[in-house]
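Note sheet for the following structure.
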Amino acid sequence: MDELCPLPSVSLWSQISKFQTAAWEEFKRKPISYWILLLLSSSAMLVAFPASSILSRVYYNDGGTSKWIISWVAVAGWPLTALILFPTCFICKTFPTPLNLQLTLAYIMLGFLSAADNLMYAYAYAYLPASTAALLASSSLIFSALFGYLIVKNKITMSIVNAIVVITFAVVIIALDSSSDRYGNVTDSQYIMGFVWDILGSALHGLIFALSELVFVKLLGRRSFHVVLEQQVMVSLFAFIFTSIGMIANNDFQGMVSEARVFEGGKASYYLVLVWSAITFQLGVLGGTAMLFLSSTVLTGVLNAVRVPITGIAAVILLHDPMSGFKILSLVATFWGFTSYIYGSSSASKDFP
């Protein structure tokens, strides 16, 4: 019996060695440019998205009130992606993908859905603490998996099913603990509205990821990185148009001037918050779109969900959001769900690069 004791250790090191060998083989199969783009894209999602969420909450904390302004700012940075696209076309000697009716309609539909999604999240951040809104947004992982399965035919393993159940449990915990983190100036109906809009926005977010991957596969093809930039420019442009129409109808362009006057920190702080919100959000969405091109809906959904606890922790540190025991339990459950999701995704060869 004593002689058998070392066997588990040997088996463990054997498994680690096999994993290292497989990882190295996978690394060699892809050019170094692929891994650089993958690193930059994932970093953009994990840094820019949390920064954008924090800035949205700062806007409301310091005197901002409009939901349309925040949703408009989310897509106002679309020229940033266009500035990246044009040099890419010259350097790579590529031409923009010709627009046909089917592709144009796809861009219009995705632009409309993106505008609606941004407005839903604006309502969520208007009434919920950033950490709570971020934890609720983790449900987008569930919808990314479901829509990815239904639309793009991505695989769903038992580990992914387990992650869906666990993250649903985490969302329920937040709902049961609703009285601990509600702002004093937020009514019960407003808090519930923020909760509902956050879940609906997360569902729509998952649908947009799946439809974006479908556009890549069916209409654009996975030819080169410039198609990622093309898709992002066009979708953001149409989302910008739809949101601008809402801004005009609601007289919010004029409202920006009056908001800047009463904003805590003054006009300069007000416009800096809006400008940096536009930049960070655009970088985050660009990173997410690039991840769809480089990998799939599943890996993008994982990274999109991993940013949730990052946002929550940053909100607690920077905005002094309350962190109750229930919220900590929800955060732990969310981490558990992420781990299960990543494990399940890695077992589906179709889902990873």
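Every residue, even glycine, has its Cβ placed from backbone N, Cα and C.
Quick caveat, the model's predicted, so the values are computed rather than measured.
TrEMBL has this to say about the protein:
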TRANSMEM  34-56  transmembrane segment
TRANSMEM  68-92  transmembrane segment
TRANSMEM  104-126  transmembrane segment
TRANSMEM  132-152  transmembrane segment
TRANSMEM  159-176  transmembrane segment
TRANSMEM  196-221  transmembrane segment
TRANSMEM  233-250  transmembrane segment
TRANSMEM  270-294  transmembrane segment
TRANSMEM  301-319  transmembrane segment
TRANSMEM  325-344  transmembrane segment
Interface-richest range of 104-126, 132-152, 159-176, 196-221 toward the transmembrane segment (233-250), CB pairs under 8 Å: 104-126
- prompt: Hey, which of 34-56, 68-92, 159-176, 196-221 has the most Cβ-Cβ pairs under 8 Å against the transmembrane segment (104-126)?
  reply: 196-221
